[in-house]
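Taken straight from TrEMBL:
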- 21-40: transmembrane segment (TRANSMEM)
- 23-448: domain 'Major facilitator superfamily (MFS) profile' (DOMAIN)
- 63-84: transmembrane segment (TRANSMEM)
- 91-110: transmembrane segment (TRANSMEM)
- 116-137: transmembrane segment (TRANSMEM)
- 181-202: transmembrane segment (TRANSMEM)
- 228-248: region 'Disordered' (REGION)
- 266-291: transmembrane segment (TRANSMEM)
- 303-325: transmembrane segment (TRANSMEM)
- 332-353: transmembrane segment (TRANSMEM)
- 359-378: transmembrane segment (TRANSMEM)
- 390-412: transmembrane segment (TRANSMEM)
- 424-448: transmembrane segment (TRANSMEM)
- 454-524: region 'Disordered' (REGION)
- 468-478: compositional bias 'Acidic residues' (COMPBIAS)
- 503-513: compositional bias 'Basic and acidic residues' (COMPBIAS)
Amino acid sequence: MGRPDPEEGQLPAPVKPPDGGWGWIVLLGCFVITGFSYAFPKAVSVYFKELMKDFHVGYSDTAWISSIMLAMLYGTGPVCSIMVNQFGCRPVMLIGGLLASAGMILASFTTNIIELYLTAGVLTGLGMALNFQPSLIMLGTYFDKRRPLANGLAAAGSPVFLSSLSPLGQVLLEKFGWRGGFLIMGGLLLNCCTCGAVMRPLDMGMKRKMGKAQDKYEAKEMLPIGGKSEEGISTTDGTKKGKKAKKKPKKGKKLLDFSIFSNRGFIIYTISKFILVLGLFVPPILLVNYAKDTGVPDTEAAFLLSIIGFIDIFARPACGMVAGLKWVRPHVAYLFSFSMLFNGLTDICSARASNYTGLVIFCVFFGISYGMVGALQFEVLMAIVGSQKFSSAIGLVLLIEAFAVLIGPPSAGRLVDALKNYEVIFYLAGSEVVLSALFLGVASYCCLNQRKKEPVPENNPSAGGGSDTEEAESDVQEAEEHSSDNHQPAHSTDNAVVVANEEANHVAEEQRGEGGGCPAGDGEVLARDGCNADQMVERDSF
């Protein structure tokens, strides 16, 4: 009458995202991780002048610290995906927090710039990468209906932390020097471990629920239930014989799923994102020097970035709320395309700004459009590939973006040195962003029209690896075999099978009623029992 082994008898069925509850704690952790990941490489720039004096190097040499951090954040995407698929999000984030902290602590004891590259650059950058990607994956598993709002709130961590870490770094530099500042910054990065610890997998809640159900039926087993028990036993035996023929071998989990490249929506998104990153980061990098060349004082020129950050803080959550509206969410890809078009036109229109007022207006509109892009970029990717393949998709996308990051801003800097003209650079960057917006919008629209003309194929379970309900039935059979191998009494074994079958049916009903576990393949959505109408419309836009 014992409980089946939790590794073999429990059903690893996907759980419906709670859209709240513990998910808000996960959202808070993702907010902190996003803030550290995007703001930290920029915040360490306050230490560059002291590093130049101590190590007798130039500004370009110290700037490589931030560049290496960002390269590790983007370029190690596939490695993070493999580790998450193999070990889960929580262990990877705990290791990442320790690596990020250790990198800054070791950097405080370095004696040359090369050691700084290896510690603050490589080690800390790798640690932040191992935190950033799993946090987004966990956010996608905890939120479905409120996912656009959750992504917008999490993305707001970047401007909030940027406006906080930079002044904090300046204070630490004045009181403790750059070595003491690095040491304290390393201690702050240990908070990434705390954020990783709260990333509780959803399947743990499912196992607790099944354990309670098993205890309930074991308690009923002790009561005299007469002839109904014999009837239930005979019915269960018949079900057992019928389902053994349907048992399917479970597939091993892929470390990195390259099948997402067969998804046309993913290909369109990846190409547009590569073009976008070529020009997206150029204006804020060159803005301060551009303002100084037009005669703006240094303090007022630096304040322009603060304007962008302040607007960005409110733009990201607001855009997330708009994207979550019922009549907007099915067309979120077009909203993303509009935000990129808005950003690119802002760059082009600001190229001729010749006074401080014009630059302030540019910063306001750039902050709005930049916040919209930041709030929607991962929401669109989740909508295209689904939560099951998101861990592999984001790793591959970040790797491709890494090449654009290493091409775009450095090329713009060289053009400025050669042409001595910022106006051309703003035109070029804005044109790249506009091109990415037009490509995403037009390609998505053409694929949508083509797909509407195609006949809907029949549901082929073998092509998609089997539905979640079939996997649940397969695990039910494993639980039955495990119970029979342990030679448990027939009455106890059959009651355990009743529990497992009822749980499998409950999972299937939830998926049909709530829309959980909707598969996405080749960028198209099939009208299956496990998918609700909202998800069908949302995925069908690709």
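Going from the start of the chain as shown, residues are counted 1 onward.
Yeah, the Cβs are placed from backbone N, Cα and C, and that goes for glycine too.
Source: prediction; values computed, not measured.
If you look at the transmembrane segment (303-325), the same-chain residues 6 or more away from its ends with a CB under 8 A from one of its CBs are 145-153, 155-156, 158-160, 162-163, 284, 287-288, 291, 332, 335, 339, 359-360, 363-364, 366-368, 370-372, 374-376, 379. The stretch from 63-84, 181-202, 359-378 with the most CB pairs below 8 A to the transmembrane segment (266-291) is 359-378. Contact between the transmembrane segment (332-353) and the transmembrane segment (424-448) is present: at least three CB pairs lie under 8 Å, with pairs separated by 6 or more positions in sequence. When each of the listed stretches 63-84, 116-137, 181-202, 359-378, 424-448 is scored by C-beta pairs under 8 angstroms to the transmembrane segment (390-412), 63-84 comes out highest. Between the transmembrane segment (181-202) and the transmembrane segment (359-378), the number of CB pairs under 8 angstroms, six or more residues apart, is fewer than three, so the stretches are not in contact. Under 8 Å from some Cβ of the transmembrane segment (63-84) lie the Cβ atoms of residues 37, 40-42, 44-45, 48, 92, 116-117, 120-122, 124-126, 128-130, 132-134, 137, 255-256, 391-392, 394-399, 401-402, 405-406, all in the same chain and six or more residues away from its ends.
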